[in-house]
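Asker: Here's the feature list from Swiss-Prot:
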BINDING   Glu418, Glu425  Mg(2+) 1 binding site
BINDING   Glu425  Mg(2+) 2 binding site
Amino acid sequence: MTEPTQPQAAVAADENQIVAERRDKLRALRDQGIAYPNDFQPTHHAAGLQTEYADADKEALDAKALDVAVAGRMMLKRVMGKASFATVQDGSGQIQFFVTPADVGAETYDAFKKWDLGDIVAARGVLFRTNKGELSVKCTELRLLAKALRPLPDKFHGLADQETRYRQRYVDLIVTPETRATFRARTKAIASIRKFMSDADFMEVETPMLHPIPGGAAAKPFVTHHNALDMQMFLRIAPELYLKRLIVGGFERVFEINRNFRNEGVSPRHNPEFTMMEFYAAYTDYRWLMDFTERLIRQAAVDALGTATIRYQGRELDLAKPFHRLTITQAIQKYAPNYTDGQLSDDAFLRGELKRLGVDVTQPAFLNAGIGALQLALFEETAEAQLWEPTFIIDYPIEVSPLARESDTVAGITERFELFVTGREIANGFSELNDPEDQAARFRKQVEQKDAGDEEAMFFDADYIRALEYGMPPTGGCGIGIDRLVMLLTDSPTIRDVLLFPHLRRED
């Protein structure tokens, strides 16, 4: 473990001294029998008071004499002889307490002067406006509800260390308004999506998190063991195959918002545990899905932010405009126009070009790759990162789309799309393959790839084939990455910024 630097050691020593002093204060409270009371009920919240009485002047407030009870964390304290002020932050915002010994009593006032920033405090009093115009609570009763033993970060610098922000999210939420705003926007976006789906007659369902066979995506699963059944289980990588079983069962529109788990790397776009929404609608296809997904994302932005025009990393993005649609080769030639049609159909050229771009074409996934898979790999290297405006990339090759319906007009191509915004995949959808014999053949091909060393290739799911053999209506299905969508809406450069508790290395 790395030894702390001299400044770090000094800070730690100072903090230890502060904690020791605060523990002494807590010990005194315990001796008095008033350490952690639990009998205070707020009648108002800071933001509600600030909003409702924003335009009320001092005379109007004095005439109204509104009694309030407010509780929260003390973020700032100014002791000024016979009158003191405290800025208190609750879950909605901040409001000022005005404290005098004449109003709360000399004993309470003396105790208040010893309270620390970070303490949870409560007051009853009358709402008024100070001579400087600050909306405040003139306290007639003041109590300490919970003692903070650890000091808050310096109010001018906050949490400067990014990893500490993620590791101690509870502190980050206390001191960083932008973090609180991000997660409120996330909640609004998800609520918007749920309402949008309900209004479109979708039924929300829950499917298993523990799978006997991982499926529904090309990914490496987490493996666990069920002791009572003595069987290997997998944390789900996707709910797709279970949701389509429900389509077979007669639920014609279903969706699920829940966690997926993939035992893969961590990056600004990837976390091993992440939130997805998948939805399936009978008697639809990928064209319907694209239109529906576009409207859903636009509405989520409006409900979360109040507008469909957003800013991401300094650039404006108008989600109200129609989303673009390009095939894989069209996208390559738009952003790398030197490639000819002939080159993009030449196996040897594509492999050579991928190698030149730093792709390891000897890995198992490339050993038997066809033209379509090679084109997709080239797209990922040359075009994907440049898809700033919302763009549906359509018509994916069948060899990388084992669950998607093949095109009726172009051999080797499926009715599949992926949606990219700001160079990042947000959604993936397709007309579902509902032919059980074709699906079984594709599963067998996936098993061959897995046997050849491709860890992300799919397993053969015999029960899913059995479900298809009962007959599944024509269906469209789509998955939307909720975390990546929230990144977009909140101008967050990394997925860790939109996860309350992202995965990190152990502290030791």
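Positions of Cβ are set from backbone N, Cα and C atoms, glycine also.
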Asker: To see if you understand the setup: which same-chain residues, six or more apart in sequence, place their Cβ under 8 Å from that of Glu418 (Mg(2+) 1 binding site)?
Answerer: Phe392, Ile393, Tyr396, Glu425, Ala427, Asn428, Gly429
Asker: Through the lens of DSSP with three states only, how would you label Glu418 (Mg(2+) 1 binding site)?
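Answerer: Strand, per DSSP.
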Asker: Validating a neighbour-count step here. Other CB atoms within 10 A of the CB of Glu425 (Mg(2+) 1 binding site): how many?
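Answerer: Other Cβ atoms within 10 Å of Glu425 (Mg(2+) 1 binding site): 16.
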